[in-house]
Amino acid sequence: MAKLDFITLGIESSCDETGVGLYHSELGLIGHKLFSSVEIHSEYGGVVPELASRDHIQRVLPLIKTVLTNAKFTLQDLSGIAYTAGPGLAGALLVGSALAKSLAWSLGVPSLAVHHMEGHLLAPLLEESQPKFPFVALLVSGGHTMLIDVKAIGQYKILGKSLDDAVGEAFDKTAKILGLGYPGGPALEMLAKQGDTNTFKFPLPMVNRPGLDFSFSGLKTFARNTFTKHPNKKSDIAKAFEVATTQILMIKCRRALEKTGRITLVVAGGVSANLSLRSELNQMGRKVGVNIFYPRQEFCTDNGAMIALAGHFRLSDGQCDTNYEINIKPRWNIEELSQIK
């Protein structure tokens, strides 16, 4: 394979999902595989970091082999290797970083540390219909809730963020209160479909304050108190919680668009798969003339495809790690990233 074809391998191991993606400079995404260790963690009611790390060790090499074989490429065809360096669980990040650095060193190709949330932010660029820069991005996941003004790849300004629980974390904790198990977000969404919108009305924290920051911990507390009083109204509580969170996110997105003057909104991260949220945002977009872009459902949650894409942009721009030492950044501000030339 001619080296004019730039091929990037992406490795995602920031939490409980092991993902591998392969991105080609001419063909785009040519392969990806994902393994989730949700079943391992479900009996504990949440992610156990040590178990997640051990599972990454078992899964990542077979996934790489499968992706390369299915795409009819070999390790020797790779031009660079990108890996999630943060934010995330330290042990889990170390697995991906160590493997990526070792492979890159042995193959004589560059490696690149990728910011997990930049991967999510750029995931809609894997679709046929792609957003154009500049835009506002709403990143909603189990660990983060952020509004970002995106002028170009690597040129990011945080407009607002959660001051306590991320919205995905609030979904999971509320689901646990309702006895729905882990992961709770999808289960709560399913239960909410059976709920009555008019039974309960949850508060909308911080929507009447200036600024674009979020707070979701109060909703979780409100859900617990409501459930204590009305234990037979699980579906109605789930519905009220979902309505409140989608309203908060919609209101803040609209304010961010008005503040920046942007006409494009990108919504990504695990919670972006929520259909009620998409419906609410799409309705807002039609009303104010804003174009909204999402990743396909399989790329809303953590995956290797988005890491391969984000890594490809930077590696093909000449950016790479300066050495093969294993470095991770469990806490990493997205504003620290450099702009692509």
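Placement of Cβ uses the backbone N, Cα and C atoms for every residue, glycine included.
Feature annotations, courtesy of Swiss-Prot:
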BINDING   HIS116, HIS120, ASP302  Fe cation binding site
BINDING   LEU139, VAL140, SER141, GLY142, GLY143, ASP172, GLY185, ASN274  substrate binding site
Legend entry - Fewest-neighbour residue among binding-site residues, criterion Cβ within 10 Å, set GLY142, GLY143, GLY185: GLY143
Legend entry - Long-range Cβ environment of ASN274 (substrate binding site), under 8 Å and at least 6 residues apart: GLY185, GLU189, GLU242, THR246
Inset, instruction - Let me know how many other Cβ atoms fall within 10 Å of the Cβ of ASP302 (Fe cation binding site). - result: 26
Legend entry - Coarse DSSP state, helix versus strand versus coil, of GLY143 (substrate binding site): coil
Inset, instruction - List, in sequence order, those binding-site residues among HIS116, HIS120, ASP302 whose Cα sits within 10 Å of the Cα of LEU139 (substrate binding site). - result: HIS120
Legend entry - Spatial neighbours of HIS120 (Fe cation binding site) that are distant in sequence (at least 6 apart) but have CB under 8 A: LEU139, SER141, ALA268, GLY269, PRO295, MET306
Inset, instruction - Can you grab the distance from GLY143 (substrate binding site) over to ASP302 (Fe cation binding site)? Cα atoms, rounded to a whole Å. - result: 11
Inset, instruction - Mind giving me a neighbour count for SER141 (substrate binding site)? Other Cβ atoms within 10 Å of its Cβ, every protein chain shown. - result: 24
Legend entry - Distance, VAL140 (substrate binding site) to HIS116 (Fe cation binding site) (CA atoms, angstrom): 12
Inset, instruction - Compute the centroid of the Cβ atoms of HIS116, HIS120, ASP302, then list the same-chain residues not in that set whose Cβ lies within 8 Å of it, in sequence order, for the Fe cation site. - result: GLU12, SER14, THR84, MET117, GLY119, SER141, GLY269, ASN303, MET306, ILE307
Inset, instruction - Tell me the Cβ neighbour count for VAL140 (substrate binding site), meaning other Cβ atoms within 10 Å of its Cβ, over all protein chains shown. - result: 27
Legend entry - Pairwise C-alpha maximum, in angstrom, for the residues (LEU139, VAL140, SER141, GLY142, GLY143, ASP172, GLY185, ASN274) that bind substrate according to the record: 17
